[in-house]
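Structure first, commentary second.
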Amino acid sequence: MIMFRSLSVTPVWKAGLSLSHRSIPINSRLSSVRNYISIGCANKTGSRLLRSAGVSSQYKDFRRFNSSSNGNGTDKNASVAPKTEVKKIVPPKPSTNGKSKTPTISELRIMKDLFKYIWPSGDNKVKIRVLIALALLIGAKLLNVQVPFFFKQTIDSMNIEWGPDVATVLPVAITMTILSYGAARFGAVMFGELRNAVFAKVAQNAIRKVSLQTFQHLMKLDLGWHLSRQTGGLTRAMDRGTKGISYVLSAMVFHMIPITFEISVVCGILTYQFGSSFAAMTFVTMLLYSFFTFKTTAWRTEFRRSANRADNKAASVALDSLINFEAVKYFNNEEYLANKYHQSLSKYRDSQIKVAQSLAFLNAGQNFIFTSALTAMMYMGASGVMEGALTVGDLVLINQLVFQLSVPLNFLGSVYRELKQSLIDMESLFKLQKNPILIKNTERPLMLPEHLPCEIKFENVTFGYQPDRNILKNATFTIAPGKKTAIVGPSGSGKSTILRLVFRFYDPQQGRILLDGKDIRELDLDELRRIVGVVPQDTPLFNDTIWENVKFGRINATDNEIVTAIEKAQLSDLIHKLPKGTETIVGERGLMISGGEKQRLAIARVLLKDTPIMFFDEATSALDTHTEQSLLKTIKENFSDVAKTSVYIAHRLRTIADADKIIVLENGAVREEGTHNALLANPNSLYSELWNIQENLDMLEDELEDELKLEKEPRTSKKD
């Protein structure tokens, strides 16, 4: 039998509704009281809520009653707590530059990381494709270099005196030369296109593997890492990084290697055909052109990095604003967020303007170098023709060979610029893969205990999300197998942290968590998480159908098992009312359904998962009383099996009064533990204090509801 400890304070409650607070609407006072009940602890926040309800005198009298040494409602012997100095909160200083302090990855390291995807160990099919693509590349460039030679031969062949005795039909030799010219040009293009087709599969496979491995790595990172990152920035970094891989691969195979090969061939031909002076001029031009391009591009790189940072920030602001659309509307902060988004876009605009201006400078410098060299070589060639050392065809050949380099050289500038940009984008992607996995299996993980459910034991566990602020402090307690255990306490005492530690979202800094005597850090991580089910306070749902969200509890479940879980969670009524039934989209984070329906969906998920250990993390605290009672009934019907260990983290003590064991936390340590009756039997226990506060607030809630009804009655009679 549950014992309800009553207090002789009813007159105080009635007297507390003083005339000075009658001006406060009853609905407002009732809402404040209900909010305080949901807090479930006697703290300063609750005191403010009560004052807003106009019942601060009751709260003070009740506190005096509970804190008195003799328990008779007086506070003569009550000790007065010393006043503590209130520290002022200092607003954060605005960022002055916004530059990232994170270390960069060298370009050589990035290329090395990428190379293993295009030349994978043990995958001969991919290697053969790469070799075929390189062979086609070389063939295309050799044919491309032959084009100016056929053009030269055609011009020299036609350098004859045409008269009436000369046949009107071109000689066969000239015809063959022209046809060879066309065939070489067509062959070079076809070889290039075949190279693209052969290498496309290699490039796309590399992109797929990098994206998949990055995603899998992100899924293995700890919860703390994800909570400290902005989702919008992460998705943008992955998107740009994969595009960067695509460009780097195409640039290397389709541009950088071909350009280098073609320049080498042209320099060799010029040296062999016309002497070292033409080759030296070409070589010096290439050096100057490349040096200017690389130096200028390196200078422009920081502008691009700055643009990326601003782009990430803008994406994060936009995504956060859209995800929290309701909150934006509640507080009328559309203009504030628009200004915030505008600031990020302005920084992106400024960086992009610098990128465009520096690009104009780069293009002008490149054209000046190349045009100067081409003019000088044309002068040298024309001089050779006038001296008789060269033919007109030779002059055309020199012009064609050098001018033919202008196309790849122009590509060299743009390719190098984009290559640097792509490497920056890939740097962000590969950085994600370099983040260390803190929560992982040991080299030889142990098997789970044979008998489930098993005992969960915390041994001197100390843990904090921040190094200088511990949430749990040397906590020691035991959760018995097959029993209902409740964990209660004031906000911030570490209740939800216990769930996160058992699930191994984090590892404790000190102490151990044991399952039947085995440290959970030594158990297989996937197996551990497979036997723990969670119904959280705010159920995370995907923007998908009800059916798919329930199925997420166990992907390989049969249709009958999913239907059974839906029926047990009492979702059938909702589904029958919806036009599309189980195919109804729940919306982003489940915003298209009510809080109670979201929790029932969460219950259906864990029913489908069917785990021997269950955690209910304040699963009903955000719901109204009627919905809460209905859900508690559903939970009791489905999770009362002795083969399951149920752990309830709760603020509302009425919901866990029937627990086999109640653990009371305060300031990160176990204050007391026992059954509901045993804890209430001790008038000085924290649990007794919390219980009495909530019980008397329930009384006040009932009185305010009655007063609200009386207030409505005269209005009804007047209408009649």
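Any Cβ shown, glycine's included, is placed from N, Cα and C.
The ATP binding site annotation in Swiss-Prot covers TYR465, GLY489, PRO490, SER491, GLY492, SER493, GLY494, LYS495, SER496, THR497, ILE498, LEU499, ARG500. Annotated domain 'ABC transmembrane type-1' per Swiss-Prot: 130-421, in sequence order. The domain 'ABC transporter' annotation in Swiss-Prot covers 456-692. Positions annotated as region 'Disordered' by Swiss-Prot: 64-102. The feature topological domain 'Mitochondrial matrix' is assigned by Swiss-Prot to 37-129, 200-248, 295-360, 417-720. Here Swiss-Prot flags 152-175, 380-394 as topological domain 'Mitochondrial intermembrane'. According to Swiss-Prot, the feature transit peptide maps to 1-36.
Each of the binding-site residues TYR465, PRO490, GLY494, SER496, ILE498 was scored by how many other Cβ atoms lie within 10 Å of its Cβ, and the smallest score goes to TYR465. If you draw a 10 Å sphere around the CB of GLY492 (ATP binding site), it holds 15 other CB atoms from the protein chains shown. Shown in sequence order, LEU223, TYR506 are the residues of the chain, 6+ apart in sequence, with a C-beta less than 8 angstroms from the C-beta of ARG500 (ATP binding site). Each residue in the domain 'ABC transporter' (456-692) has a pLDDT score, and their mean in this model is 87.
As a whole number, the greatest separation of Cα atoms within the ATP-binding residue list TYR465, GLY489, PRO490, SER491, GLY492, SER493, GLY494, LYS495, SER496, THR497, ILE498, LEU499, ARG500 is 19 Å.
Residue counts for the topological domain 'Mitochondrial intermembrane' (380-394) by DSSP state, with H, G and I taken as helix and E and B as strand, are 11 helix, 0 strand, 4 coil. Sorting the topological domain 'Mitochondrial matrix' (295-360) by DSSP state (H, G, I as helix; E, B as strand; all else coil) yields 62 helix, 0 strand, 4 coil.
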